[in-house]
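For reference, the structure is listed below as structure tokens.
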Amino acid sequence: MHVRHFDIKGPALILPKRHEDARGYFYEAFRDDAFRQTVADVTFVQDNQALSKDRATLRGLHYQRSPAAQGKLVRCLKGSIFDVAVDIRKGSDTFGRWLGQTLTASGGEQLWVPEGFAHGYVTLEDDTEVFYKVTHPYSPEHEAGIAFDDPDISVAWPFDPALVILSAKDKAQPRLAEMI
Ligand SMILES: Cc1cn([C@H]2C[C@H](O)[C@@H](COP(=O)(O)OP(=O)(O)O[C@H]3O[C@@H](C)C(=O)[C@@H](O)[C@H]3O)O2)c(=O)[nH]c1=O
């Protein structure tokens, strides 16, 4: 697998090596030893899968508070997304900055979003399925969110913010400044 890093320290883009033949392809979608050595020495404890029926469905920006903070390893099983991580690590040089990456089922790219980041994505196609591994179990009492359109963060989402499809919860998320 090939690993790329970003200006914001911590997150990584993972490009698994695909073996193609006449039948199709084979690849190691996740390998614990390689991940620990080249990306992060973490243990994944839960796998999540989400289907979004419509293009422009936006989920986020979400995180779990300490001591239930989660690292997330995100990929697309069907369709494609624009996946976003926002640095909310207190004292970080890049606090409040975001990075975005297109993840496609056809390309197999994976984004590693460590603890200390809020995470969100928007679907680029109808019937998009997202799969992600997390390093801490779901804990509703530690769930938190930030408005996807917080002007202090200014994520360049690939859709008009007025046109995205949101959950009731995500329509009412606070701004990052209100969280501190
Ligand atoms: C996240 C989660 C939700 N649920 C339940 C709660 C609720 O009834 C239903 C849907 O939950 P949500 O509306 O929070 O789903 P969703 O908006 O897809 O939330 C997810 O968004 C992305 C961006 C993330 O990064 C994830 O960590 C998670 O927060 O699923 C679980 O049972 N386990 C879980 O781990």
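Keep in mind that glycine also has a Cβ here, set from the backbone N, Cα and C atoms.
Record features (TrEMBL):
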type	residues	note
ACT_SITE	His62	active site, proton acceptor
ACT_SITE	Tyr132	active site, proton donor
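In the three-state DSSP scheme, the residue listed as 'active site, proton acceptor' is classed as strand.
For the recorded site, Tyr132 (active site, proton donor), the DSSP three-state label reads strand.
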